[in-house]
Every structure is written in C-alpha cells, then in structure tokens.
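Here's a structure for you.
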Amino acid sequence: MLRVLFLLCGLSGLRTKENSERLHVQVTVPEKMRSVTSEGFETEVVYNIVIEGKTYTLNLMQKLFLPRDFRVYGYDSTGIMKDLEQQFQNFCYYQGFVEGYPNSMVIVSTCTGLRGLLQFENVTYGIEPLESSIGFEHVIYQVKNKNESISLYAEKEVEFRDLPYKVQSVQPREFSQYIEMHVVVEKNLYKHMGSDTAVVSQKIFQLIGLTNAVFTSFNITIILSSLELWIDENKISTTGDANELLYRFLKWKKSYLVLRPHDVAFLLVYREIAKYVGATFQGKMCDINYSGGVALHPKTISLESLAIILAQLLSLSMGIAYDDINKCKCPGSVCIMNPEAIHSSGVKIFSNCSIEDFSRFISKQKSQCLQNLPRLEPFYKQDAVCGNSIVEAGEMCDCGTAEECGRAVPICCNSATCRLEVGSQCAEGECCENCTFKERGQSCRPPVGECDLFEYCNGTSALCPDDIVIQNGHPCGENQWICVDGSCISPPEQCKSIFGEEVEGGTPECYEELNAMADIILGICGITHDGYKKCESGNRKCGKLMCKHTTENIIDIKNATIIYANVSGSICLSLEYKPDHLDAAKMWVPNGAVCGSNKICRDKACVETTYVNLGCTLQNCNNQGICNSLQHCHCNPTFLPPNCSAVDERWAGGSVDSGNFQGGGVPGIGGLTSVGTPPFIPGVPGVRRYMEDVYQTAKPTRWPFFLLIPFFIILGALIAILVKVQFQRKKWKTEDYTSDEQFESDSELKE
C-alpha cells in the first residue's frame with residue numbers, strides 16, 4: 001500500500017512580528033441599508049461601509065453553524081469535565097459578498113457590531129468595532145505580508161499528484177453536506193487567544209465562520225458541535241512533531257470523546273515556532289478511529305491563515321490532495337489546496353482537481369457521515385431559567401411552575417431548584433417511569449417501517465438510545481428496493497402515499513416514453529439554465545415519478561397539477577408543483593431508488609450504488625442478523641451481539657447499540673498500533689509524497705516492533721534449548737559417556 005506523508009516545514013520564516021502588519025488603519029461607520037427578518041431573526045442584511053473614501057455594499061446571508069445542543073466544556077479543579085454554560089448567539093453570523101465584485105467574500109458576525117473579514121481577489125480587510133465608541137464606529141484595516149519573498153518550506157522536489165487531471169470545471173454536488181466538528185483548544189493557545197472563556201469561544205466561532213466560507217462551493221457546512229477548552233492543564237502532552245501529537249490525540253479521543261457527537265475532532269495547539277502546521281489522515285473523515293486532526297498555530301499567523309490550515313486539513317481528510325500548480329487551475333490567483341494559500345490574502349477557491357477529488361469522495365459509502373442533518377434553528381443561549389419547562393444546562397429537570405409540578409404523580413422534580421427529589425432517578429423520558437429508570441430490555445422506540453429497528457431502555461438512563469436503522473443498501477420491499485436512511489425507497493409506495501392505495505407504480509413504458517420528452521408537464525430530469533433537461537436513456541427511471549392509474553376516479557391534490565397520459569394501454573400519472581412549493585420533491589423519483597443492477601437514483605441520474613461492498617455483511621453476523629447504520633450486527637432473537645454467534649434463549653434480539661445488551665465494548669475497533677493508512681501532515685512547496693520505506697521510520701509506527709524484539713530473542717533461545725535437549729537425549733540412548741571431558745568434547749564436535 002502506498003503510504004503518503006505530507007510535511008509542512010520551514011515555518012521559521014514566520015518568527016518575527018515584522019513579517020506582517022496592518023496597513024491603512026481607518027475608522028468607518030457601517031450603515032445598515034435593509035434587512036429581511038424571519039421569525040424575529042435577520043436572515044439577510046445589507047450594509048454600506050467606506051474604505052479609503054469609497055463606498056462598498058455588503059450583501060450578507062445568515063450562516064448557521066452552531067447547533068441547538070452546542071456546549072462549551074471545561075474542567076473543574078478535580079479534573080472532572082463540566083459545561084461552562086456560556087451565553088452566546090448563533091443567529092448573528094453572516095456570509096456574503098461585496099456588490100459589484102464577483103470574486104469577493106465577506107465573513108462577519110453582527111453580535112456586537114461588525115467583526116470579521118472582507119476578502120477581495122488579492123487583498124483582505126479586517127473590520128471590528130471601535131471599543132468605547134458611542135457612534136457605531138469601526139476600525140478597518142488591510143492585512144498584508146511585508147516580506148513575501150521569504151520561503152516557508154524546505155527546498156525539495158515537489159510531487160503532489162500521481163494521476164492526470166482534466167482542466168475543465170467540474171461542478172460539485174447540489175445537495176448539502178455537514179461536517180460536525182468537536183474542537184479542543186489546548187492551554188497555550190487558550191492563553192494566546194486572551195485567557196478568557198467568552199473571548200476564546202468567540203474567536204473559535206470566527207475561525208469556523210472563516211473555514212465555512214472556504215467550503216461554500218462544495219455546499220458543505222462546518223458545524224461546531226462542541227468546544228472544549230483546556231484552561232489550566234493539557235489532557236495530553238502537546239510536545240513533539242505533529243505526527244506524534246496526532247497519534248496521541250487520537251488515542252485520547254477514542255477514550256474521552258465517545259459521548260460527544262462529532263464526525264471529526266481537531267486539537268488546536270499554539271507554538272512560538274513551528275516546523276509543521278498540522279496532521280491528519282487522508283480520506284478518513286468518517287472513520288471513527290482516524291477522524292481527527294491536529295492544527296498548529298504558529299505565533300505570527302493570522303486567524304485567516306489558521307482557517308486555511310484547518311480547511312486544508314479537512315480537505316485532506318476527505319481525500320482532496322494538494323494541487324500540482326502545473327495541472328490544476330482555479331479562477332483565483334491562489335487555489336485553496338496550493339500550500340502557498342496559507343500566506344496569501346484574499347479570496348481562495350478550490351481548483352478543478354480538488355472538485356474532482358471531492359466528487360470522488362462523496363460518491364463513496366465512506367462519506368455517509370456528511371449527510372447527517374443537525375438542528376440549526378436560530379436561538380439565543382442564556383442562563384438557565386428554572387420553571388420554564390425546558391431542561392437547560394445546569395438543570396437536572398424542569399417540570400414548570402410549582403402548580404404544574406404539583407400535578408405530577410409522583411413528584412420527581414423540585415420545582416424551586418430544578419433538581420431531582422430525594423430518591424428519584426429521573427423525572428421524564430421514554431425510559432423513566434415513576435421517577436425510576438425502566439428495566440433494561442423494555443422497548444422504548446418500536447421500528448417505523450421495515451428499514452427501522454427496535455431500541456430498548458438500558459436500565460441506567462431515562463433516555464432511549466439513539467435511533468439506529470438498518471444499514472443503507474439492505475433489500476426491502478420484497479427485495480425489489482433498498483433501505484436508505486431508515487426508509488424503504490420504493491417509488492410504488494411513494495405513488496400510494498401521494499395518490500392513494502389504488503394507484504400502482506408506473507410501468508417501464510411510462511418512464512421510458514414520458515421522461516424522454518423534456519416536457520415540464522410530462523417528464524424531465526431537472527431544470528438547467530438552458531431549459532428543461534431531457535432524461536438520457538439510462539436515467540429515465542430517475543426523473544419525474546410515474547404512477548399507474550387503475551380506477552376511473554379523478555384525483556385532486558391541492559396546489560398541484562395531475563397529468564394523465566395513455567402509454568401502451570396504461571394510464572400513467574405524474575404530478576406537477578411549482579418549483580418552490582413545499583411538496584415539490586414529491587414530483588421526482590427519490591434518491592436511493594433502484595434503477596438498475598447495482599445502480600440507484602441520485603440527483604435525477606442513475607449512478608453506481610455506493611451501498612455495496614460495505615464493511616458489515618450478513619456473513620459478519622453469522623447469517624443470524626442484519627447490519628445496522630453503525631455497521632454493527634443487529635442479531636435475531638437468541639443470538640447475541642456482537643457477531644450473532646453465541647446463543648442465549650432469553651435474548652430478544654438487538655445489537656450493542658440497541659440498549660438491551662449488557663456485554664462489553666465492540667470488538668474489532670483497532671487501536672493506533674494497527675494503523676493501516678498514515679497521517680497527512682499538510683505540506684508546502686518543497687514537500688513530496690514519501691513512500692512506504694520512509695514512512696516506516698516515523699516514531700509512532702516503530703515502537704511496537706522494538707517491543708517485540710525481546711520476545712523473539714527469548715522465543716529463539718527457548719527453541720534452541722529444546723532442540724539441544726532433544727538432541728542430547730538421542731545421544732544418551734546410543735552412547736555411554738565415561739567422563740565429563742569426553743562429554744564436553746563430543747558435544748563441541750557435534751555442535
């Protein structure tokens with residue numbers, strides 16, 4: 001296997017503060033021109049600001065990346081983790097552009113004035129409120145490298161890509177993707193950022209906002225699922241190079257981040273001088289064992305540069321390689337995956353090579369974690385209010401007012417303190433009954449449909465376990481269709497849900513004839529800038545949904561047009577909504593519908609399925625269970641997890657995830673000593689891909705071998721002794737030695 005290592009080296013060129021400076025500092029007063037409000041929150045806002053005597057118009061759209069259950073964690077004096085209960089807003093972060101400048105990007109927060117960056121093609125301006133100003137005055141300044149000739153990287157031959165790439169543009173996928181990230185800030189960076197929890201949190205919010213702007217073209221949102229601050233002491237040693245630190249962090253992550261949901265975790269580390277700026281594993285974004293990274297923050301780089309470092313690490317973890325500047329092109333002066341992007345100002349765009357890499361990544365099953373949709377409604381997080389019937393941070397329960405709590409029988413929650421009453425284990429939840437936890441094994445969430453699974457109370461929590469479903473790609477609907485995200489994707493069933501039980505799925509002739517017409521009413525495969533898109537011959541089962549009318553009744557659906565067409569003696573039905581209607585998606589064959597052998601519909605095209613050759617198969621489950629969405633076996637009754645091989649007649653069925661299993665952890669989750677793919681340490685010009693023999697010299701991969709050397713020496717000695725004893729026994733049976741001297745002489749000779 002080709003093992004690849006990237007090194008970002010030579011950053012000593014950034015040691016001095018003279019390498020960058022703020023120029024043309026001036027005061028401006030932003031003027032709000034208009035805004036669009038939804039449910040009390042500004043979703044769109046327009047500002048005018050003056051820079052060097054010229055007025056610029058900023059068009060901003062709300063960008064939500066803090067989920068409702070977001071938490072900031074710290075540790076108390078005993079080392080126990082605690083919720084720091086920070087007050088913050090998630091609705092005041094915006095992303096947009098400067099009117100009249102197509103290659104521009106604006107990333108600002110409006111929580112307390114305007115704070116953020118205005119990026120033009122080759123220059124970046126920072127804006128922040130002027131402290132103690134009473135007239136909404138802001139400071140605006142240009143950030144520019146003073147000595148751009150400094151080489152930041154080792155002088156070595158560069159070889160970033162082994163495969164040729166097309167130069168033409170490749171459009172990314174249209175559907176949204178989400179990367180849920182847990183960020184850890186180590187002690188020295190916490191001090192460097194201000195030694196204040198609120199200030200550091202806001203800077204991390206700004207960092208994630210800047211990183212989100214980078215991934216706009218991929219329609220990816222970076223969700224900051226939780227933030228952890230190592231205020232007084234680091235939980236692991238942060239010394240050593242990025243490679244060693246990555247292995248150390250992943251080992252810690254495996255033990256301590258299991259209860260905090262995330263797709264990927266990153267440790268941010270401050271260094272006065274750094275030879276490397278980060279490490280991650282290539283293409284391992286959704287692999288629970290390797291979905292992590294380390295980003296080093298050298299003293300003199302800006303938050304904008306740190307965002308590029310983070311974006312490059314995230315890109316590498318999605319299998320997006322560094323650009324070969326001779327083969328890869330982008331509209332901007334510096335592409336994102338060009339290592340020089342870390343030290344250039346202005347807007348940066350992914351190259352055509354990066355877009356192709358990303359398209360390959362999301363077309364595979366291993367990218368599935370990016371499809372989880374978090375809760376992203378606007379909210380304002382403030383101190384917990386006891387008595388509002390909402391359990392908030394710091395509360396064990398909240399049953400409402402004293403009068404409301406008094407109606408409960410029995411009373412589990414103290415209405416004055418929002419703490420559990422003495423003797424109570426819980427106050428509410430699917431697995432709470434009469435103030436105590438329900439016994440393990442009681443069903444708390446029955447399956448909804450044939451692609452869902454049972455969940456059970458675990459006996460130690462009031463909450464039902466997470467909703468786990470059958471693995472994508474499992475056959476359903478009499479083996480004609482497949483499960484996708486817990487639903488059986490069956491066009492015939494969709495026809496029934498829309499038109500009624502008497503309607504059947506459309507005939508092959510309906511799809512073949514009508515979806516080939518490029519007619520908005522009869523059949524299309526989408527709408528483009530050039531008009532209606534005709535379905536190509538291989539995609540006709542993935543365009544407009546076709547159903548078969550079996551009665552003489554006229555169907556009427558509010559706000560929809562029903563189309564009837566006679567094709568080969570069958571009455572074909574299709575549906576037409578306005579494109580912006582809430583139910584417009586019902587017009588189309590759903591993503592995941594089977595359209596051929598090992599093919600499914602995706603974005604109105606019939607493509608090779610990614611739901612085959614998965615890590616979990618029926619054979620892994622001893623043919624006595626099925627695989628769930630976490631690729632663990634959900635075993636039949638009497639057959640026990642994790643692999644459905646052991647038997648217990650009392651077992652009702654389930655998995656290690658369903659709540660009713662009392663066994664240990666899940667075997668087969670490898671540790672760091674079994675790493676099969678080396679980490680990427682993002683590099684800069686002068687860095688090449690190292691082959692396997694070079695990678696094997698890395699410290700984290702050689703220590704297990706040295707631990708085994710004494711074992712092999714001892715084993716060899718034992719084998720030699722046994723062979724010699726057997727040899728001597730044979731001699732004792734055939735020769736009669738009369739003296740020790742003769743014995744020694746014979747022994748030396750025969751040896």
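Residue 1 is the first one shown; counting continues down the chain.
Glycine residues also receive a Cβ, built from the backbone N, Cα and C atoms like all the rest.
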According to Swiss-Prot, which candidate among Cys601, Cys606, Cys627 shares a disulfide with Cys616?
Cys627
Can you sort out which of Cys353, Cys369, Cys386, Cys397 is the disulfide partner Swiss-Prot gives for Cys286?
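Disulfide pairing in Swiss-Prot: Cys286 with Cys369.
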Would you mind checking which of Cys435, Cys444, Cys483, Cys488 shares a disulfide with Cys464 in Swiss-Prot?
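It is Cys444, per the disulfide annotation in Swiss-Prot.
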Might you list, by sequence position, any residue in that chain lying six or more from Asn458 (N-linked glycosylation site) with a Cβ less than 8 Å away from its Cβ?
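Listed in sequence order, they are Cys431, Arg440, Pro465, Gly659, Asn660.
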For the domain 'Peptidase M12B' (177-374), what's the mean pLDDT in this predicted model?
89
List nothing but the one residue from Asn122, Asn643 whose Cβ has the fewest other Cβ atoms within 10 Å; the candidates are the glycosylation sites.
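Lowest Cβ count within 10 Å among the glycosylation sites (Asn122, Asn643) is Asn122.
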Which has the fewest other CB atoms in a 10 Å radius around its CB: Asn289, Asn352, Asn566, the listed glycosylation sites?
Asn566
At the level of the C-alpha atoms, what whole-angstrom distance separates Cys335 (disulfide bond) and Cys286 (disulfide bond)?
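The separation of the Cα atoms works out to 25 Å.
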Please give me the recorded positions out of Cys328, Asn434, Asn566, Cys633, Cys635 that lie within 10 Å of Cys616 (disulfide bond), comparing Cα atoms only.
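Among Cys328, Asn434, Asn566, Cys633, Cys635, the ones whose Cα sits within 10 Å of that of Cys616 (disulfide bond) are Cys633.
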With helix taken as DSSP H, G or I, strand as E or B and everything else coil, how many residues of the domain 'Disintegrin' (383-472) land in each class?
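Counting residues by DSSP class gives 5 helix, 14 strand, 71 coil.
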Using a Cβ-Cβ cut-off under 8 angstroms and a sequence gap of six or more, which residues of the chain neighbour Cys286 (disulfide bond)?
Asp263, Lys366, Ser367, Gln368, Cys369, Leu370
Rounded to an integer, what is the Cα-Cα distance in Å between Asn434 (N-linked glycosylation site) and Asn352 (N-linked glycosylation site)?
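If we compare the Cα positions of Asn434 (N-linked glycosylation site) and Asn352 (N-linked glycosylation site), the gap is 60 Å.
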